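Student: One structure, pasted below without further comment.
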There are 2 protein chains.
Amino acid sequence: MKRRHLFGAAAALLASLSLAGCNDEKKVESSAEPKAAASEAPKTYNWKMVTAWPKNYPGLGTAAQRLADRVNAMSDGRLTIKVYAGGELVPALEVFDAVSRGTAELGHGAAYYWKGKVPTAQFFTSVPFGLSTSEMNAWLTRGGGQAFWDEAYAPYGVKPMVVGNTGMQMGGWFNKEINSLQDLKGLKIRTPGLGGEVLTRLGATTVNMPGGEVFTALQTGAIDATDWVSPYNDLAFGLHKAAKYYYYPGWQEPQAVLEMLINQKALDSLPDDLRAILTEAAGAASRDMVDDYVYNNAMALDQLKQQGAQLKRFPDEVLAAMREQSDVVLGELAQQSELNGRIWASMKAFQEQVTPMHEISEKELYNWR
Amino acid sequence: MKRRHLFGAAAALLASLSLAGCNDEKKVESSAEPKAAASEAPKTYNWKMVTAWPKNYPGLGTAAQRLADRVNAMSDGRLTIKVYAGGELVPALEVFDAVSRGTAELGHGAAYYWKGKVPTAQFFTSVPFGLSTSEMNAWLTRGGGQAFWDEAYAPYGVKPMVVGNTGMQMGGWFNKEINSLQDLKGLKIRTPGLGGEVLTRLGATTVNMPGGEVFTALQTGAIDATDWVSPYNDLAFGLHKAAKYYYYPGWQEPQAVLEMLINQKALDSLPDDLRAILTEAAGAASRDMVDDYVYNNAMALDQLKQQGAQLKRFPDEVLAAMREQSDVVLGELAQQSELNGRIWASMKAFQEQVTPMHEISEKELYNWR
């Protein structure tokens, strides 16, 4: 049964009665606020979601669309969300601004894309050598992380929610081998967020650009290397056709939160049930995206190997230097504001607390199977 | 804005118009089916959920209650779910039967509890040395697992959905040290599912009993050892007060799916939007339960250590024998029916496919941080 149709039927009936000139108008007015009922119902919210992803991009873009579809189904069409690819309505890296000023009610992207505007945002995508996917989620929902995130975005009238996680990423695609720290010097590499800053300290030149531009930049030699995501997305962009070596581990992004941005005023305008629907859809889409990456990364890694991608591990010496510089960069970021200091202290404490449990559980599993 | 109130207002208006004897009855009847609209809406579904858990039990019971609360909020009260603890309406281990015969529309438990009735169910909680949490979810939603699960329960008129996962568990609480395979012989231990069968092959005597009975059985010496879940739940039961040694890794349950059981006829009776709401609530509750365990296991492990629990690792020799017997037990289960054979082939193939990705991602992270 479609409720909105029923509702529409009731409204149509009221209208027809009115047009028919029912004689008993007084009676009508004394009943339960019929005019308000007829004019307010069924209130429909038609929202826009701007994203940082290419059209229908696997994993990232499809998760945004899935969320929109499910909200539509759960609300029986009372809350519809039209999803826009990066560049359709606003450029990929201007999603945050668009939601902040109300051009769109919703956005989907990654917090570190807006680091120029909100440096604090960098904590909320990924921290090098930091929390894993399940740990990051637990810190956000149970360890106080969400409250910090809300605090960071509140001045811009934006409410963030997790919608997805790519899981642990890869180190990236390189057109030259990295055999020592020396090989990083002068390297032109696309790596956003804190990982990019670490590479800068190690002598590389880092740039940020949306995913849609990465392949061409790598193929033309405008950059020597790039991180992107993991096999699923990297195969979709054909990055193995633009670079020879595929490095691991993804030290710079042990997990990566994707965020839904919500214009706070728009959120406040929703009735309670639609707010609950939007919130739960975010939770369900988050789980679904992780499933998507776990499954498709496994399949895509196979294909990349078959198509000639050469898997390489960063040397221990390089990883050690990366970790050392990560601590420096994070320490400096923590110094930039009182809020940053509180966030970093909380994350570090949680990582220390949660590590002993992983030592005796999943680490054992992966080492034993 | 409460839609059901609006709807009620519209219905009340129609009723008042009718009672008022509006003269234009023909007009009313020729409009869009007003009587159906007035009598069908708002249809409310008041469902019962029987569970295998003690009242308000942390993690397991609270996840069931959270799902009920969120469904209520999203549906604006059109679908309400009353949660019953094990023993309140039906015994903890009879949840499957109760949902199958329609005593309750919903259940929450773990598939291996019904192995006596549906041996195939054992694949859908946990497989020793098998898939991790994120891998199991991916196999279910992307790798064909859900279709197998549906097929296994369809003869009983029951539809299963994931609602939660405890993550990797612990090896359990022991009143004597396990220094060699010899120490397992004659041991009376509570371990359900395939893990229990493996221990039986290694000479232990295994029993299944609901969680609520475990503490007393261990303290009185009715059993020598028990697995239960992980620090969060084990602390809640005070198991460290009933046994001295806390063993890891949880070889028998590298993850453990909690399942929502739905009476198929009841599910079919729901309108599309409420089905979507129930499905998405399951997805969101699943993510939330994992957060709950990751956070609280870390906190509880600390407390257990402080309160004297002695952490012990199973010797390699014992783990190797457990793994060997697991293969035997799973091979036999796969032989029991054509469906079991297909399921085991699918799970094994997926584990082989997904392992190389974990080798270069999360395993690296846990070894490196």
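Backbone N, Cα and C define each Cβ position, glycine as well.
Got these off TrEMBL a minute ago, pasting:
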BINDING   A:Q169, A:R190, A:D227, A:E253  substrate binding site
BINDING   A:W228  Na(+) binding site
SIGNAL    A:1-20  signal peptide
Student: Any idea which of the binding-site residues A:D227, A:E253 has the thinnest Cβ neighbourhood at 10 Å?
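Tutor: Selected from the binding-site residues A:D227, A:E253 on minimum Cβ neighbours within 10 Å: A:D227.
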Student: Around the substrate site recorded as A:Q169, A:R190, A:D227, A:E253, what other same-chain residues have a C-beta within 8 angstroms of the site's C-beta center?
Tutor: A:M170, A:G171, A:G172, A:T191, A:P192, A:G195, A:T226, A:W228, A:V229, A:G250, A:Q252
Student: Which whole-number value in Å describes the distance between the Cα atoms of A:Q169 (substrate binding site) and the residue listed as 'Na(+) binding site'?
Tutor: 8
Student: Around A:W228 (Na(+) binding site), how many other C-beta atoms are within 10 angstroms of its C-beta?
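Tutor: Other Cβ atoms found within 10 Å: 20.
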Student: Enter the number of other CB atoms within 10 angstroms of the CB of A:Q169 (substrate binding site).
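Tutor: So the number of other Cβ atoms within 10 Å of A:Q169 (substrate binding site) is 27.
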Student: According to DSSP, collapsed to three classes, what secondary structure does A:E253 (substrate binding site) have?
Tutor: coil
Student: Would you kindly give the Cα-Cα distance separating A:R190 (substrate binding site) and A:W228 (Na(+) binding site), rounded to the nearest Å?
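Tutor: Rounded to a whole number, the Cα-Cα distance is 8 Å.
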Student: By the DSSP assignment reduced to helix, strand and coil, which category contains A:Q169 (substrate binding site)?
Tutor: coil
Student: Max CA to CA distance in Å over the substrate-binding set A:Q169, A:R190, A:D227, A:E253?
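Tutor: Taking every pair among A:Q169, A:R190, A:D227, A:E253, the longest Cα gap is 14 Å.
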Student: What same-chain residues, at least 6 away in sequence, bring their CB to under 8 Å of the CB of A:R190 (substrate binding site)?
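Tutor: Counting only residues 6 or more apart in sequence, the Cβ neighbours of A:R190 (substrate binding site) under 8 Å are A:T206, A:V207, A:N208, A:M209, A:V214, A:A217, A:L218, A:I223, A:A225, A:T226, A:D227.
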